[in-house]
């Protein structure tokens, strides 16, 4: 297969980090948005739910369009949509207008994930692809975590409007840069692949294992993003910490995530621990973190604690969970599509859309149970972690049955 041009790793990185960094920057301003529009915090949080639904729709459709029309034009189209919707968000006069703009923004920015992954697969194969992903992995964990700090400083020294000014400027710079230098990597643009797409869709609909993997990935990412949409109300609104200080606190989670990523690599490459055992260890870390989080949350409801102690009682369990998150999720993504090797692009877009719908559902639940304390969210985290562990056990049972046949 002839490659038209390889995409450099730094271009992939800019695509990959755009969406998660956008969301972590935005969530720092949720309390400010709530006060500005004079609405309940739970309503403000639903803007993130719509964001993930828009993202799911983008993954499902834009990835497919890039197979037909090429990666470069669809990537540029997505960035253009991202910029326009960010500009519209600046002038939102009510929460409904902002919700629509956020949905469209997510639809556009989804090219960072779906087109970025497609371009990576077009440009690199085998061990070279693994090396590119491995070299980018620490940055993919580190840079989005800076988003809370960036958002915190923007909110503290200006207003939520300037969050979208920031998105508009960064999006415009990326669009101009990529218009000049982004290569086309799809060497076999094909206008007649719809039959294959629907064939894969029919198989996926019946694939119980894939649905269970989608639930696990969606649940764990739902916990991650759910924390970022709930925590600002607890720390900024209730504990009265500054927006910038909250951003620094949220940044601590990145170190736990990076540690989990390096621990997984060490166990697999240096200690030759089987991938499935690493996944099991990830569940153990997650369960321990979520159980401790739930216990601490209910203790904080009945016992008065200093701000420093309360912060530690919330962040330490989440850091433990994040270690588990990054032991588990990379392995889950690897195994989920193992039976779809010949149609990874098509299957990946459908699979990604499914688990982003799960993330949207989790963030919607977070908005519905929003309260003045963290206990409701902590209980949800515990339930999701237990449910994911049960799903993993069901996958193991289904694999055993499959191999017996």
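Each Cβ is built from the backbone N, Cα and C atoms, and glycine gets one as well.
As written in Swiss-Prot, here are the features:
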TRANSMEM  3-23  transmembrane segment
TRANSMEM  42-62  transmembrane segment
TRANSMEM  73-93  transmembrane segment
TRANSMEM  95-115  transmembrane segment
TRANSMEM  135-155  transmembrane segment
TRANSMEM  162-182  transmembrane segment
TRANSMEM  209-229  transmembrane segment
TRANSMEM  248-268  transmembrane segment
TRANSMEM  280-300  transmembrane segment
TRANSMEM  309-329  transmembrane segment
TRANSMEM  346-366  transmembrane segment
TRANSMEM  377-397  transmembrane segment
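A contact links the transmembrane segment (377-397) to the transmembrane segment (209-229), because at least 3 Cβ pairs that are 6 or more residues apart lie under 8 A. Sequence-distant contacts of the transmembrane segment (280-300), counting only residues of its own chain at least 6 positions beyond either end whose CB sits under 8 Å from a CB of the stretch, comprise 220, 223, 260, 264, 267, 310, 313-314, 316-329, 331, 373-375, 377-379, 381-382, 384-386, 388-389, 392. The stretch from 3-23, 42-62, 73-93, 209-229, 309-329 that makes the most Cβ contacts under 8 Å with the transmembrane segment (135-155) is 3-23. Here the transmembrane segment (162-182) touches the transmembrane segment (3-23). Their Cβ atoms form 3 or more pairs under 8 Å, with each pair 6 or more residues apart. Under the criterion of 3 or more C-beta pairs below 8 Å, with sequence separation of 6 or more, the transmembrane segment (95-115) and the transmembrane segment (42-62) qualify as touching.
Counting Cβ pairs under 8 Å to the transmembrane segment (248-268), the stretch among 42-62, 73-93, 309-329, 346-366 with the most such contacts is 309-329. Within the same chain, residues 15, 18, 58, 62, 65-66, 101-102, 104-105, 107-112, 115, 119, 161, 164-165, 167-168, 171-172, 174-175, 178-179, 182 sit at least 6 positions outside the transmembrane segment (73-93) and bring their C-beta atoms closer than 8 Å to a C-beta of that stretch. The list of residues near the transmembrane segment (42-62) in space but at least 6 beyond its ends in sequence, with Cβ under 8 angstroms from a Cβ of it, reads 19, 23, 26-27, 30, 33-34, 74, 77-78, 95, 98-100, 102-111, 113-115, 225, 229-230, 349-350, 352-354, 356-357, 359-361, 363-364, 366-368, 370.
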